[in-house]
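> If you look up Swiss-Prot, you'll see Met38, Gly187 marked as substrate binding site. Look at Swiss-Prot and you will find Arg114, Thr160 tagged as ATP binding site.
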Amino acid sequence: MIFQTIRQQQPLIHCITNYVVANFQANGLLALGASPVMADDSHEVEEMVAIAEALLINIGTLNDRTKEAMLLAGKKANTLGIPVILDPVGAGATVYRKETVHLLLTDIQFAVIRCNKGELAALVNVEWQQKGVDSGDGFIDIETEATLLAQRYNCIVIVTGEHDFMTDGVQSQWITGGNSQMTEVTGTGCLLSAICGAAYSSGEDPYSQLVETLTYYKKAAELASAFTEDIGDIQIALLNALHRLSKEGEASCIL
């Protein structure tokens, strides 16, 4: 089981991420047995990524300083064959974000793009009403557009929501399950992106490893929601569920 594999391998995941979710991401990776490092200064990111198993680039609180660090770290990771994950948070909310994501996609070869449907719309230029960094409203053919995006950038595209869609441009599938409480707190999607980095780097079949990751992340959400109905406790419950899954495997899925 992929979460157990992550615990066994203990990959170091370099996260250049946003300050809203950095603590939650770090604790989520630790819950699975991975090691997080959140370095984002341009003076050290190339050195730091060189000792990591994967790099996460998350643009949630984007600024010029972290933009430079993202480009440096991403290019270095490409040189070293280290997988890079992109979380284009709120990509369609502003021109600055959209232009930055385009630059990142042009200059860096990403292994995975993990987004919601509003962010997917921004990446493929489909009209969409973005609501800040949240998904917003509109219509998009997720299967078609995600597949074309995966083919264009030669990567795996994961579009998360009530149901998750994943494709590498050839094979694809939907993953169901989860719980709506995950949308009522910040950071659950951002944490998933970090976990995708840990999963991608923990075996020889990244596609299958990511399918399993999405499946068991939804199982973790179900376990967490079964533990509490109080929204203030859901993040803690999710961390506990991830920890249990990484130690006990599928046995812990029995509610």
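Heads up, the Cβ atoms here are built off N, Cα and C, so glycines get one too.
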> Give the number of CB atoms, excluding that of Met38 (substrate binding site) itself, located within 10 Å of its CB.
16
> At 10 angstroms around each C-beta, which of the binding-site residues Thr160, Gly187 has the fewest other C-beta atoms nearby?
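The binding-site residues Thr160, Gly187 were compared, and Gly187 has the fewest Cβ atoms within 10 Å.
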> Quick one: pull the CA-CA distance for Arg114 (ATP binding site) versus Gly187 (substrate binding site), whole Å only.
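So the Cα of Gly187 (substrate binding site) lies 13 Å away from that of Arg114 (ATP binding site).
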> Do me a favour and check the Cα-Cα span between Gly187 (substrate binding site) and Thr160 (ATP binding site); whole Å is fine.
13
> If you draw a 10 Å sphere around the Cβ of Arg114 (ATP binding site), how many other Cβ atoms fall inside it, taking every protein chain shown into account?
29
> Taking the Cα atoms as reference points, how far is Thr160 (ATP binding site) from Met38 (substrate binding site) in Å?
24
